[in-house]
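Following: one structure in structure tokens, then a few remarks.
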Amino acid sequence: MTLILGIDPGSRITGYGVVRDTGRGCVYVASGCIRTGAGELPDRLQIVYRGVREVIQTYGPVTMGIEKVFMARNADSALKLGQARGAAIVAGAEEGLEIAEYTATQVKQAVAGTGGANKEQVQMMVMHLLKLTTKPQIDASDALAIAICHAHTRSSLLPHGLGTARSRGGRLRL
């Protein structure tokens, strides 16, 4: 049984979700949001970095899935999102986690069965798959969806001898 961390990065709110992959599905462990509040970007990135490390040290996942940067209409927002991703990736790499990246479409496809699912549909499927009785915050729900996607991807690759190689920086390339 593998503990998996999912990260939905953001420069203001970073969602996290931890699931246990039992081989027959995922079991909910924890989820929440790292809120950076107002402040200068370097300070907010440090909060993301420290928050992700704290989650890793608290729950002990061995692998992490994180959402890839999407093309945003606002270049400044995309850059800030990329920097928040970087802070989370460095935190995971420093803790020795294997790290895989997924597009939003891949996550939606894995969890809801369609890459065009909206946030509410993904949230409802996360609740169903993890047998949750209350709705997680939307950023935490997205992070749980990323963790579920990572569990599904790992389980489909590992029997074929794939998904275990590590490249520079401990990042798992799929």
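For all residues, glycine too, the Cβ spot is worked out from N, Cα and C.
Other Cβ atoms within 10 Å of the Cβ of Asp8 (active site) number 28 in total over all chains. Per Swiss-Prot, active site is recorded for Asp8 (among others), and the stated evidence type is sequence analysis.
According to Swiss-Prot, the active site annotation covers Glu67 (among others). In this structure, Glu67 (active site) is part of a beta strand by DSSP. Sequence-distant neighbours of Glu67 (active site) (same chain, 6+ apart, CB under 8 A from its CB) are Ile7, Asp8, Pro9, Arg85, Glu101, Tyr102, Thr103, Ala104, Val107, Asp142, Ile146.
Sequence annotations record features per position, and here Swiss-Prot assigns active site to Asp139 (among others). Under a cutoff of 8 A between CB atoms, and with a sequence separation of 6+ in the same chain, the neighbours of Asp139 (active site) are Asp8, Gly10, Ile13, Thr14, Gly15, Cys33.
Marked as Mg(2+) 1 binding site by Swiss-Prot on the basis of sequence analysis: Asp8, Asp139.
Taken from Swiss-Prot, the feature Mg(2+) 2 binding site covers Glu67, and the record attributes it to sequence analysis.
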